[in-house]
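Residues or ranges marked as active site by Swiss-Prot: H53, N126. Taken from Swiss-Prot, the feature heme binding site applies to Y336, supported by similarity to another entry. Here Swiss-Prot flags 1-23 as region 'Disordered'.
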Amino acid sequence: MTNQLTTNEGQPWADNQHSQTAGQRGPVLIQDYQLLEKLAHFNRERIPERVVHAKGAGAKGYFKVTKDMSAYTKAAVFSGVGKKTPLITRFSQVAGEAGYPDTYRDVRGFAVKFYTEEGNYDIVGNNTPVFFVNDPLKFPDFIHSQKRDPRTHARSQDMQWDFWSLSPESVHQVTILMSDRGIPASYRMMHGFGSHTFKWVNAQGEQFWVKYHFKTNQGIHNLSNELADELAGKDTDYLQNDLFDAIETGDYPSWTVAVQLVPYEDGLNYPQDIFDVTKVISQKDYPLIEIGQMVLDENPTNNFEDIQELAFSPANLVPGIEASPDKLLQGRLFGYKDAERYRLGANYEQLPVNRPKVPVHNYERDGAMAQNQATGVNYEPNSQDGPTEVPAAKIHGDQLSGTTGNFSADPDYYSAAGKLYRLLSADEQTRLIENIRMNLGQVTKPEIQIREVKQFYQADPEYGRRVATSVKLRFSSV
């Protein structure tokens, strides 16, 4: 049955093809309120795009527990073999705008929102286990360097490599980005990582450090530079279409979800800083433990409502899962929610896709587009049967000491990148060097190239020498 056309107020709409005019050839009448409403709404259809991760796609699905983890965390989402929790995901680029080609070389966002019985739990990571910077103070500058030149409004290799060459902590992530995995062939065919270290707490108060890994069950597949360039010209939404079409035809992508668990004290005494997001925890020391499967089996029914209005935050934690001292994570706990307040409004949590599946009871009221919490009391303490605190949900703090100040982090930013380079096959190393040449070779200032080659050399001398040769630098100048 065809629905009746109406205005936004529900009134029947007689003619949506012709404006009201003074005669057949006369001017449009200001009394045509339906025309005015249509134009006014059109002017307000767009919302600010995400300041990062603007281009992306998503899908709905579920997480199924395959190993009960209640010995390590009291979070209900990870307890009980066979338990299913609905979720929604979003995969994205980092730097490109909303219309940017999907096959541009970039880190990919990998975000998951679990609708648990204890509220929403978000894992907001990437398709790489590390990141470019480890201090939130540097994050805005990093993003500025990856976006458009304020004068030319063009992407700038000089800006990107200038920042990287002056930020030694970035060399590990840059190596991953310039490797084969810098251009995934499909969102379905890439791994995901929580990136940061988090804390798990069990019902007895025992604490563990945890890192999340999402291992694609479709296998890792990447694009060559040539094919990526070809697809960018033919289908700018290639990865988005690939994900949608696969799910639409019943080819549901899935990931094996695993964790690295580190006993609390062991983490504090680990040879490297496990709270530095530019580094990984060796799987030889702490092997992966499979905990479940993530399956995506439903496409968005309305992309704007399901994906554009979708909001993630690392601060969306549930009892049994807590933040760690990771500096970049600490900054993200604020930054993401503040970004959504700007992009979607003060009450973005009330949008259907962000609304938890459990009732919400608190003392926050009003604001733009608010659906208030009935007639309940709006202050605390009170004696009016308002919602009460839940002591069992308290966090388990860490013992902290030290002098306040601005501190640099671990100076060893090179060994991990060197190990990664040496783990690559000869063919993978050759493609890595060629990918760097294609990008670093476009830099117009030799001093930037020299600084970056020095970074690669400190990671591995052969690595540095090969990059220097590829961009035609005399190694003596390095």
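Using N, Cα and C of the backbone, Cβ positions are placed for all residues, glycine too.
As the structure is a computational prediction, the values presented were derived from the model and not from experiment.
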DSSP three-state call for the residue listed as 'heme binding site': helix, strand or coil? helix
How big is the gap, in Å, between the Cα of N126 (active site) and that of the residue listed as 'heme binding site', rounded to a whole number? 15
About how far apart, in whole Å, are the alpha carbons (Cα) of Y336 (heme binding site) and H53 (active site)? 12
